[in-house]
Each structure stands twice: as C-alpha cells, then as structure tokens.
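Now, the feature entries from TrEMBL:
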type: REGION; residues: 142-163; note: region 'Disordered'
type: COMPBIAS; residues: 144-157; note: compositional bias 'Acidic residues'
type: DOMAIN; residues: 205-349; note: domain 'AAA+ ATPase'
type: DOMAIN; residues: 501-637; note: domain 'AAA+ ATPase'
type: DOMAIN; residues: 681-768; note: domain 'Clp ATPase C-terminal'
Amino acid sequence: MILSDNLKTAIYVAIIEAQNRGHEILTLEHLLFGIISDEQGKLLLENSGADVGYIRKNLIDFFVIHMESTTPKEELELVKSPAFERVMQQALEHKHFAGKTTIEISDVIVAMLDAEGSYAGFFLQNSGIDALEYLQNASHGAESEEFNNETEESSEDYSDKTTKNKHLETYCTNLSEKAENGEIDPLIGRVEELNRAIQVLARRRKNNPLFIGDPGVGKTALAEGLSLRISQGNVPEEFLNAKLYALDLGAVLAGAKYRGDFEGRLKGVINELKQIPNAILFIDEIHTIVGAGSTSGNSMDASNILKPLLASGSIRCIGSSTHEEYRNHFEKDRALNRRFQKIDVPEPSQAECLEILKGLKEKYEEHHGVHYSPASLKAAVELSVRHLPDKLLPDKAIDVIDEAGAALRLLRSSQNKVKASDSLSDIKNSITPTISVSDIEKIIAGMARIPSRQVTSSDKTKLAKLENELKTNIYGQNDAVEKVSKAILRSRAGFNTEQRPMGSFLFYGPTGVGKTELARQLANTLGIGFVRFDMSEYMEKHTVARLIGSPPGYVGFEQGGLLTEAIRKNPYTVLLLDELEKAHPDIFNILLQVMDYASLTDNTGRKADFRNVVLIMTSNAGAREMAAKSIGFSQISQDDTSNKENSDNKEIRSKGLKALETIFSPEFRNRLDAMIPFNALPQGVMEGIVNKFFAELQVALNAKKIQLTMTDNAKAWLAKKGYDQSQGARPLRRVFREEIEDKLSQEILFGKLQKGGKVMLDADKNYSPKTELLFSFA
C-alpha cells in the first residue's frame with residue numbers, strides 16, 4: 001500500500017497512543033485518534049460538520065473504560081485488529097475507485113463510516129458529520145481542495161483569494177512587471193531571433209514561436225528580452241500593451257493529488273489569460289507539458305489541453321527547449337509540434353559574446369562592487385571556450401565573470417575583518433577593486449580543475465619555447481620534434497585557414513623510441529588535454545561503432561561514441577591513436593573526414609569539432625624492416641662517419657614508408673600533414689634517458705624522505721645495461737625496476753630506509769654484464 005504522508009503521520013500517532021496506554025492491539029479507535037490529531041484529518045471532519053471535540057472526548061473515555069493496560073510499555077508488541085485490517089483494505093479499494101495514486105485520510109474515514117459494530121464508526125456517525133456529503137466530496141477529491149484552501153487562507157488574507165487573476169498570480173510570473181521594475185538583465189544582440197519571434201506572434205493563427213537551442217545559449221533570455229523591449233516601447237504598435245507571463249509548470253503540478261486538480265488549475269490560468277488583452281504565455285522547457293498531469297488511463301495532459309487554443313490563436317504562447325528534448329519528446333507529438341513555429345537559437349560567436357559581456361558588466365559590477373577590465377572580459381570569453389567545453393557561450397563566460405566578482409568580493413571582505421581600522425585602510429576600501437586577466441585565469445583553472453599554470457590568455461610564451469621544451473624530454477628524435485613544432489606554429493600563426501585539425505601526423509618507427517611520449521609531452525607543454533585510444537581494441541568491424549556510437553535499435557544508442565564524446569568534452573586536446581595499424585580498416589575511413597573537415601558526426605547527429613585537436617597516430621608498421629637494416633649496419637660500421645649514417649637512415653625510412661603504403665590507402669596518406677619517421681635510439685642518448693628516469697624515481701622517493709644520488713659510473717652502467725637498439729628505451733625502464741627499485745623496496749619496507757635516508761649508487765668503471773650496481777646507505 002502507498003500511504004500519503006498525512007496518513008502515515010496519523011498511523012504513527014495511533015501507534016504511540018496505543019503504546020503509551022499499554023494496549024496490545026492496534027484498533028480502529030487508535031487510528032481515529034491519530035486522524036483527529038492530524039491537521040488535515042481534523043479539517044476534513046470539521047468541514048463536513050463533525051464535532052471533533054466530541055470524538056476526542058469519547059475516544060479517551062473508551063480507552064479508559066473499555067481497554068485496560070495489560071503489558072508494560074517496554075515489552076509491548078502491537079498487533080493490528082481484524083477491523084483495522086478490513087478498513088485499510090476498503091480504503092485501498094476506494095483509492096482505486098477514485099483513481100488516486102495514494103491512500104489518503106479521506107479514504108480511511110469513508111471506510112470507517114461503513115465499519116459496522118465499531119466504536120470508531122459509531123463516534124463518527126454521532127458527531128454530526130453529513131455522511132452523504134462527505135462521501136460525495138471524498139469520491140471527487142473535493143476535500144483536498146478544501147484543505148488547500150483552508151491552509152492558504154490561514155497564511156494569506158482572504159481578499160487575496162478573491163482577486164481577479166488568482167491563478168495567474170499563483171502559477172505564473174509576470175515578466176512584464178519584472179521588466180518595468182528593472183529586475184531583468186538587458187538582452188544584447190539576438191536581433192534577428194527576436195524580430196522573427198515578434199513576426200510569428202503577429203500571425204492570425206499558429207502564432208506561437210518556439211526557441212530551440214543548446215543549454216546556455218540564451219533561450220530564456222530571449223523571452224525576458226522581449227518583455228524588456230515591450231516595457232521600453234521598442235516593439236510594433238500592436239504589442240505596446242502586451243503582457244508576458246511565464247508559466248511555472250512545477251507549481252501547477254505541486255499538490256495536484258486528485259483527478260481534475262491539475263486540469264482545473266491549468267484551465268484557470270488559460271481562462272484568465274484570455275481575459276487579458278494582448279497576453280502572451282511563456283513556457284520554459286516546453287517539452288515538459290507532454291504527459292504533464294496525465295494519469296493511467298487518462299490521456300488528457302497539459303499539451304492536449306493547450307492544443308485547441310494554440311491552433312486557433314486564442315492565446316499566444318512562446319516555448320523554449322533544447323535540441324535533444326525537442327527531438328525526444330516534443331517533435332514526436334506532431335499535432336502539438338505543427339502549432340509552433342521553430343526558431344533556432346545558435347551559440348553566439350566569441351565577438352558577439354564579448355559584446356554581451358560588455359552589456360551585462362554594469363549589473364555584475366553593481367552586485368559585486370568590483371570593476372571588470374576590458375582585457376578580463378575578453379579573457380573570460382577566450383579561456384572559457386578553450387577550457388570549459390561542456391558549456392556554451394554566453395552562459396559559461398557569464399559564469400566566469402560572475403564567479404570572479406564573487407571571489408574578489410569575498411576575499412576583500414575577509415581581509416577587511418583582520419585589518420585594523422585606520423585612514424589608510426579606509427582609503428583602500430573606498431577604491432573599487434578591478435578584476436584582471438590573472439583573476440579570470442584562476443577562476444577558469446578552478447572550474448576546469450586544471451593547474452593554473454596551464455591557463456593563460458596568451459600562448460606565445462609556450463609556443464616560443466615549444467621545440468626546446470620537447471627536445472629536453474625527447475631524446476634522439478630531433479627531426480621529429482622539429483617537424484611537429486613547425487606544424488603547430490604554422491597552425492597557430494593562422495596559416496591553417498582550412499577547416500582542418502591543428503595538425504595530423506603519423507609517427508612510425510621501432511617500438512620504444514618515443515612516439516607515444518612525444519604526444520604526451522606535446523600536450524603537457526601546450527597545456528592542453530591528452531586523450532589516448534589503444535587501437536588494438538578496435539580490430540573487429542563491430543568495434544567501429546564504439547567510436548561514433550551504436551546505430552538505432554542497438555544497446556547504447558543514446559550514449560554517443562567514445563571518440564566524439566571525448567572530443568566534445570575536450571576540444572583543445574592532443575588525440576593519440578596508438579598502434580593504428582592494428583585497427584579495422586573501416587576506422588581509417590572515419591578518420592578521413594576528421595583530417596579533411598575537422599568534424600565527426602556521431603550516431604545521434606551531433607558533430608564533434610576537431611579544429612583545435614592535434615591528431616597523432618602511431619604505427620609500428622615497417623619497424624621490422626627498419627630494425628633489420630639498422631641492426632645490420634650497427635654490427636658492421638658503428639664507428640662510421642655521420643654522412644654514412646644519414647644515407648643509411650634514408651634507406652631505412654624508405655623501407656618503412658613502403659611498408660606503410662601496403663596498410664594505409666593513398667587518400668589516407670594524402671590527408672596527413674606529415675608522416676614522421678622515428679629513428680632507432682643510438683647509444684649516445686641513453687645517458688640522457690637515464691637522467692630522466694632517475695629524476696622521476698627521485699620524485700617518488702622524496703615522499704619517503706629518501707635522497708638518491710648516482711655516480712657517472714652508475715649512469716654509464718645503466719645506459720649500457722639497458723641498451724637494446726631493437727627495443728628502444730623500454731629495456732632501460734626494466735633495468736631500473738629490477739636493479740634499483742626492487743632492491744630499494746626491500747630496504748624501504750624491512751631494512752635501512754624504513755625512516756628515510758640517503759642512498760648512493762655506484763658501479764665498476766669497466767662495464768661487464770656480470771657486474772652489479774653498488775648501494776651505499778647513510
């Protein structure tokens with residue numbers, strides 16, 4: 001049984017009363033006592049003519065005379081009487097008959113009136129209640145409306161109940177009144193959309209505009225802007241006296257427990273609107289009216305109530321909804337959809353958004369007591385676009401300046417509390433603080449949950465040292481670093497005018513030489529996101545759907561694709577497709593449009609924008625041929641001249657390219673910005689990689705208060721021990737684990753380094769595979 005909150009309270013009071021009196025059985029009389037103790041139950045009975053005082057007195061006498069206490073309170077286990085069970089079952093049947101969703105107090109009272117031979121029924125019938133009237137009211141839910149009216153009258157003047165526009169005042173917001181009182185922010189731009197809405201409103205029939213756009217683009221602001229223009233008289237003559245009301249559908253639904261409650265409220269709103277000349281109704285999130293207020297077996301929802309009026313033009317209605325909700329709910333009701341004229345509200349450009357911020361800044365300056373510099377407004381737009389991809393303009397830019405103002409205001413107030421009051425501090429307090437670009441950067445960093453150093457309004461500093469930064473972390477691949485750096489600089493300089501990604505590269509070469517690491521370091525240096533897909537997981541044909549989403553009818557259709565969703569969330573990112581040659585060939589075809597038009601459409605029709613993506617694909621194709629040639633050369637002529645090395649590298653790369661041509665089609669290769677070969681690592685760069693691994697290890701040891709030092713002999717020993725031309729740097733990583741980390745872990749857990757300490761690593765000057773590292777502890 002689903003009980004109403006009031007009935008639950010009444011039963012709880014009945015149980016407490018029985019326990020307090022030491023009664024073993026929970027009877028109807030206890031339940032009636034709980035009902036008259038509840039405010040709603042008391043009002044229901046009084047409104048039907050019952051004398052609640054008479055009922056209470058007789059119940060107390062009944063408890064004292066006819067029910068004696070037989071069990072101590074702490075040992076009491078209540079048992080419901082058969083009459084109690086029968087009444088609750090009859091109340092359940094009455095609930096079904098009345099079309100309700102919960103059992104109410106009124107249902108229980110109806111059942112009690114029919115309970116023959118019970119004192120509870122006897123007390124009710126002799127209390128002066130008009131049983132016939134009460135039964136009629138309970139069957140139609142009228143007593144709920146009476147209770148609502150009683151409670152409203154107790155909190156408001158009765159005169160408010162008799163006002164002409166009672167429903168409008170209760171369930172709608174008068175936007176025209178708010179506009180006249182200066183409570184609405186100005187609408188900047190959107191002239192075309194607003195003029196189109198006014199044009200639709202001026203039609204004779206189907207004069208109902210519908211704003212469709214993504215969340216945060218300003219659909220609600222358009223309706224508020226219309227009310228502002230009406231209050232300013234900046235509209236055609238026939239709209240000068242128009243009144244705009246915003247329907248609060250939640251308020252209409254709230255408390256509508258019985259059949260007819262919701263319909264009555266909505267019809268009341270409509271009737272009052274029809275009595276006001278030039279009234280316009282605005283319904284935000286209008287898709288919610290589909291199914292609103294309907295019950296099982298009853299198809300009369302809000303949309304069906306509005307349809308005849310919308311088609312005839314009796315009332316004018318403005319709606320707003322998102323693309324997704326419109327498609328999933330509103331568009332499916334074709335009869336409702338044809339009564340509205342769809343107006344698309346696109347996301348404004350950065351320039352338009354900047355003008356919006358300039359128009360709104362006075363409101364926020366007044367609220368926060370700050371001043372926004374022009375540079376801070378521009379930074380708010382640019383940085384929000386880059387680092388807050390899950391929101392849209394102008395909403396996210398407004399959020400940034402609002403939070404920046406709040407942060408500075410709170411900081412200033414906290415500082416004023418600790419400062420002594422003197423003339424100097426008074427002068428400082430009188431100066432309006434200014435929001436700077438650095439303040440905006442801090443707010444963006446907090447909202448995007450990224451280090452503040454990665455958020456900057458200018459990339460010039462990062463770009464100027466991009467190549468040098470990459471070379472300090474990537475060893476033996478200077479040619480690859482230079483090509484990637486030049487391509488990024490070329491794109492940021494504005495020469496990449498086509499709708500293409502910032503860069504599309506295919507890295508190929510032996511394993512372990514830095515292909516994946518270069519992608520990671522590029523993302524870290526540029527301060528943008530890094531997204532990696534292991535393409536060995538997409539070897540089968542059906543796995544292609546995971547990237548762009550399943551087709552209709554399949555599981556996960558509404559979830560979107562992994563690739564498209566990742567780019568939609570992180571539009572400024574380095575996208576790494578690792579070991580691309582292992583993927584199914586159909587994936588290569590998907591990537592063609594990414595490299596050509598910087599966009600990819602998922603299964604729901606939404607596009608992911610790749611214009612700010614650095615697309616990097618890695619491949620080990622041709623590595624075997626390249627390794628065979630390089631190994632043969634290294635065995636024969638390790639001490640040869642650099643010219644011969646260069647000529648040999650060209651031959652190696654040529655063999656690698658031929659291997660790639662057998663895997664990737666000409667149209668795929670032709671869309672790449674560059675196919676960048678990675679050379680096998682020479683022995684000379686291994687000590688640099690040793691230093692890098694050593695620095696990473698020291699960071700981990702710092703947390704355990706361990707200082708690690710290493711002699712040149714130890715570095716040389718590690719470089720030689722971990723060198724394998726065919727495997728790259730990965731064998732060196734294994735040497736670090738086996739020769740250093742394994743031994744240090746024993747000392748950290750059980751030995752000399754449990755509380756921290758110093759460790760010196762040394763090795764024999766003459767390297768031999770049989771020698772070992774020497775550990776000295778201090």
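For all residues, glycine too, the Cβ spot is worked out from N, Cα and C.
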Helix, strand and coil residue totals from DSSP for the domain 'AAA+ ATPase' (205-349) stand at 63 helix, 26 strand, 56 coil
Grouping DSSP H, G, I as helix and E, B as strand, the residues of the domain 'Clp ATPase C-terminal' (681-768) number 51 helix, 13 strand, 24 coil
Across the domain 'AAA+ ATPase' (501-637), DSSP yields 65 helix, 31 strand, 41 coil
